[in-house]
């Protein structure tokens, strides 16, 4: 995710004078107008302003930066031109695919120049557009899918206001009609008048309900793509997004082409003010509409390279640099990055020959410097010489919080976030700025889990920079390492500008070395490097270093460290590390020896004879503390590398944090500074020897930005902590960050964090889990701007009490048998209350794919720099929900790993049978509410290795859903092994005493308590806890999740128990004589053959009719046969004479009706049968079948009568087209005139049908709608349709919504019909969207 937070700001002037030195220290500090503006876009802190002042033509010109982010708005302030007049943004690419439109459908224009758009709209093509082939590719997109949540929210409010005005107008008109009716009819007794009045009231109710249920899914935009003989062109029709009906028409659109060709963009409408660009792929079959997924990317781009000729103080760091916008933040996922986006971005950066990449995104990782993306980054850095700069993360102040990839990857320059006094006073508008610059409190710290420093350098981490036009403001304040990274990247662009101008070879290796060896240290302690890296970068000094070292080889020194005589169990795949990190107590109790391999790495294009063979350096090795570190004095280093040993002796160190370095200096050119550094971090924890295990830290003093770190050896047997913080000695509000970190092998750092604001001196308590035997860092920090302007020091007392209950089974698996699980518990530290609680509140159902499709992706955006084409595997899963539920798809192999995985990408979407997509997700699946129905889940996996994808074709996917409260299973505990069966010996609670173990049994759930529809092999999941907080109430104990430590518990659902009733069978069939049974079998076989006959041809229809007559003569008045005949007539297509057809349907329906004894049927339903009476139950089912046949026949007869009348009405309308034979009724609807005879037949049939079924149901309601429509009661007809939709099961039937639309059009409520048509594209899309 983006590494920033946002604050909006207005730019106002300050007064006075003053300044800061090169490290931002206060010097009689007061802002004036110029220094205030300069503080909004900090450049002085890194020497960029001094450098450009000395070298005005080295302002970034000649360099290209790829911005891997949420997308850059080319219309944003300062992002149109470079300082030397070139286009600022060379290309804008959506690497995620979130803006992709399927334009594979090709249409031709008619004689009037019209085409049918993909949305169904009729579009007029501009006659001046060149299209030699005459092929128009069409597609459509719901415009909200292209917008951010913030923009969508604004548009919804504005559109709702307009819609409400129209709806209120319609309500007022409907109320007026009702009032007129009541004035005219004082007393309504006539049934017809009652129905008319009911219709008027229904209209009012519908309009009111529509306002309450309004949910704007946004307008639909049609897209048209064609080739004009030279390039692909794109035009959009945005009429539905405009207030003015004459605006947004396709023919009026100025065609665009791929952005890199003409650097042109469009705006959807004045209402949204949202900029977009287009790119066409796959020979016109894929259109990418590119918008940003948040303001973040534009802000980042502005920091790096904005150019404001009218106000140079607001320029970005490198105003002469050009940009490539690579959108990696997926709009479908709220701007989360995806593997697809990251890979395509790297491809684009290489294709555009970029010099730099800035990526202000990141996530936690369990393996540093590992994964598919890291492998690809290594390739572009080492082979293509791109310099990759990235944010270190915003998860501080604790150590080992750097995120991937910026803080954990060797090939990437990770940047921390710094705030200077000028920034604090100007951009942040604090009352009193700090006396000197410091790192932001939340900036992530090193080292990485394998000992690397983590943070490379530091740069200003806040700025007021440009943002997209849709935000309706020019710029805003954001802060984070997201802002520090482009500040550093812009500074490096200045260096590249100079290097290219002066003919110096550009290499990420030499540039990084220059930055690290010329940065200004922040803070006076060695361990400050874990926060700031080598310090605050200085562009001018780095430039001098590069000039001086231009003739030296471009080399990166790869460091691999292993402990001598011991394989590192932490690194199973790669048993080496990049630094030495002694964190646990046992590692600090004796000296250790480490083997360090230094291997010079050249770029792939380096000459073997001219660069590799001659390479030889005499390295002088140094240690920052000879008492702790012993190293050799010299090392002769050649291309093949060398290994030397380091001895680390931490035994004499005090408790706490210690940081050292071993570094190598070129003995012939010591001015070059360290050629490589080996970071050594030692955190010597304090042992907890008190019993009960308590440790306290008293009277710690805090000022703004101050951090106190304590390292504690968590006692073995501890599993949770109860802590209390007490504050005193201050006046104004104080804000504290409290973090704890533990590091375990092959796990992401275990972090607990909280932010507490104290408005007055007080105490607060909290609890959190810990891992016994592992060092825990406690980091307490007063936020950098909290308490500024106050001279009061905050005094903090912190107390920690360790608790723990050890069990022999942490994660419990119940195998589905009736046997209980024995659990053994003990308290190792102090007496604890043993109060076990266990609950199963989720179910996880496994699925295998029903289909697996492997294909090669067709476009160059999916072709790696190595030349390999990426392949995609699409797996299709089917599932059905019997009831609505909140579901989450889980893929254990792939989930929760973004950067620390060797698989490139994963993406899924869940859709219903109408192809409506409800959920999209990636490696971090989320729970989503789905209604009852059948669904399809498609999982999309990408990689260039076909063998990896082949292995995934039968990938198991789990569908996890939360159980409703009534279905949650609470498990019982017993003190005896037979307790679950006998029902005695219940175990409630006891007190555990150190040195004495206690055991109890966990009972599996009763079979009758299992959730309904839970299938064999499914898994019930939940939590089990054993302890209880010392201050917890009784209610908190009942839920394991509310206790400080809980573990997963699972229950494998066994096979369903056999149904004893099924084995009994029915004996009635055996009572019939054999000849009678044989005759029935023959008859049923004939009916089966008859039902399978096709009527596609005249010959087939003739044979069908012939057999129908034969069977009717053979089995007269046999209802199932007559039903088959009716079904056969209804299944016919390509009907010629419709009147004749509907007459035949009516005759067939009458035959079915006449074959059923309705009196006997009515009598049967008036009697209550005995469920135990088998014959009575069988007769009841037979009567229900007869009732269903009767109802269906009556229903189809009614529809046929209605269709015949409609045909007559159409004919009459054609004959009297010049005459107005119909009058509008007073309700504004249109009343159909039908013949009395036809009306009587319909009414008679309708009334008969009402005796047997509910005509408001979704199955038969269509007839009620037709009846009301005939009578001009359109409001009532619409109410019936709404009720049918409400009652209809999921997914909804398209025909019901089409019927609703026709009624809305007939009434004249255009604002609702427009709204419903937009929803049609959501409910019934023609196809699934592209991945």
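In case you wondered, yes, glycine gets a Cβ from its N, Cα and C as well.
Curation does not apply to TrEMBL; its annotations are automatic.
From the options 1031-1052, 1053-1074, 1075-1096, the stretch TrEMBL describes as region 'Disordered' is 1053-1074.
Annotated range for region 'Disordered' in TrEMBL, selecting from 1-23, 24-46: 1-23. Counting Cβ pairs under 8 Å to the domain 'Tripeptidyl peptidase II second Ig-like' (828-1013), the top-ranked stretch among 60-527, 576-682, 702-786 is 60-527. Listed in sequence order, the residues of the same chain lying 6 or more apart from residue 69 (active site, charge relay system) and placing their CB within less than 8 Å of its CB are 2, 296, 297, 300, 301, 325, 326, 327, 328, 329, 358, 359, 360, 361. The domain 'Peptidase S8/S53' (60-527) scores a mean pLDDT of 95 in the predicted structure.
Of all the active-site residues listed (296, 482), 482 sits in the most crowded Cβ setting, with the most other Cβ atoms within 10 Å.
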